[in-house]
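Written below as structure tokens is the structure these notes are about.
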Amino acid sequence: MNETDDRTAANSTVLEVTGLGHSYGKHTVLQGLDFTVAKGEFLCIVGPSGAGKTTLLQCLTGLRKPTEGLVVFEGEAVRDTPRGMAVVFQDYSRSLMPWLRVIDNVALPLRSAGVPKGERLDQARAALAEVGLADSTHAYPWQLSGGMQQRVAIARALAFRPHAIVMDEPFASVDAQTRADLEDLVIRLKERLGITVVLVTHDIDEAVYLADTVLVLSGKPASVAALIPVDLPAPRDQLATKALPAFAELRSRVYTLIRTPAAAAAEPPADESEVAPVSAGAGA
Amino acid sequence: MTRPEAKGSRTRARLARQVAAIVLAIGVWHLFAIGPGRAADVPTPGATLRTGLEMARTADYWTAIGNTLLTANLGLLLSVVVGVPLGLFNGASRKVALSSQFVVDFGRTIPGVAILPLVLLLFGGTRVMALILVMFGAVWPMLVQATYAVQQVPPQLRQVGEAFHLTLRDRIRTVYLPSAMPFLTTGLRIAATISLLLAISAEFLGGTDGIGRNLFNALTVNNPDEMFVYAFTASLLGVALNLVLLAAQRRILWWHPSQRERG
């Protein structure tokens, strides 16, 4: 109920995407994407490999300039990565500096932001404690396991004290158990810190498990096939939540949409609630 | 607790094999010297060692080594100073890199010794001549590796720099420079070997002061013992230079996967 209240009461939009499209030369990857993300919402963007998920994410974060349309974050058009937004990249082993200790990796953006040394180390330590790495501050990233390295990357994003975190398939290269732990970590952090999360994944189960709203990306060029509100009870639980009939229903709905977007769009699923502050984009 | 011991004994076994290989090589040399090499006055290992110890007591020997090292290292330094900025510039732009590719590929394939007559004609048997020759050979690996260094900065790290708004200073210090280091140290090691080789060539063929010229002098007065000593000196210098640079590389690249496993 808490979630529903948040979403209906605070109709404050954090991220607004209008008519977004991107082409690499003549090859159009994304076309006509419209959606919004509300404050404190967990949006999962799910789509098959090669659907343009990473391109979309780069457009959202300002790392790539879309060839069409507009991305607005907290009321301002995104040109480069907005200050209130932090990014967690897919490949942790290549997004952390192997020549910097864990704590210095986390504190680096703060140094560039001009935060004094003592303060930024405190902030970095706090962020590392938040992800359960209080004991590994002085290790080098390559001395840690894959899951721990991704935690470092998450801590680096948190230390930045963002209002929104954008994650590109953050758990794609860790084992199943670690992945489950990291998923729960991200849910917990989002609840505790009240941040907005946009997470890209190709894993339908993961998307349904994590999200308040699942955005299904489908077609070529890719567009929003559907925005599906996920009304699974909180707190989510790896066993209980995934055993719910509603979970199975949602995942088969997403699955169908990814496989046959045209058919699914022909009979749009009845929107049983008003919860999603979104409008389905131009489907096929 | 058994692991370090096992590792130690393995290191010792390897060392023993290496020593055995050296002993074997010296043995073959000795047999050759007293056998078929005798007609050509090939000195035995013992005679070479005796001559070497005698020469090591002369100032001339050490001055020659000093001169050779000065030429080689000064030339190396100049190659770094010229090659690295050029390479960085070259790598920073795809257009520049593509345009210059032919010139670079052409230049680096010309053997240094091939331009020796030209520089000799222009500058005579001077150190300037030797330095230009050294630079001509050693600047290419520095340039090429510096070009790679810029081109190979992991795109994800670039994006991290962008997404987290790292200042230019922090980007250079914590992203570009460290990721360029593996390439630059590789370039330096290749360039160092070439520098020594060309410095000695300039001395031998161009008459600049150094062990190359002393080697040539020993040849003209037909003193094979001294020739052998200078030849060994040259190779020992090469080995020493490589060891120094390897140690430096290990210190600079302690974080790199190639260095980590060696602990």
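Yeah, the Cβs are placed from backbone N, Cα and C, and that goes for glycine too.
Given the structure is predicted, the values throughout are model-derived calculations rather than measurements.
The domain 'ABC transmembrane type-1' annotation in TrEMBL covers B:65-249.
The annotation transmembrane segment is assigned in TrEMBL to B:63-90 (among others). Sequence-distant neighbours of the transmembrane segment (B:63-90) (same chain, 6+ residues past either end, Cβ-Cβ under 8 Å): 96-97, 100, 104, 127, 130-131, 133-135, 138-147, 149-150, 184, 187-188, 191-192, 195-196, 198-200, 202-203, 208-214, 230, 233-234, 237, 241.
TrEMBL lists B:102-123 (among others) with the feature transmembrane segment. Same-chain neighbours of the transmembrane segment (B:102-123): 90, 129, 132-134, 136-137, 140-141, 143-144, 147, 194, 197-198, 201-202, 205-206, counting only residues six or more beyond its ends whose CB sits under 8 Å from a CB of the stretch.
Here TrEMBL flags B:129-150 (among others) as transmembrane segment.
Under the heading transmembrane segment, TrEMBL lists B:187-207 (among others).
Taken from TrEMBL, the feature transmembrane segment applies to B:227-248 (among others). Same-chain residues lying 6+ beyond the ends of the transmembrane segment (B:227-248) with a Cβ under 8 Å from its Cβ atoms: 43, 48, 51-52, 55, 61, 64-65, 68-69, 72, 185, 188-189, 192-193, 196-197, 200, 211-212, 214-215, 218-219.
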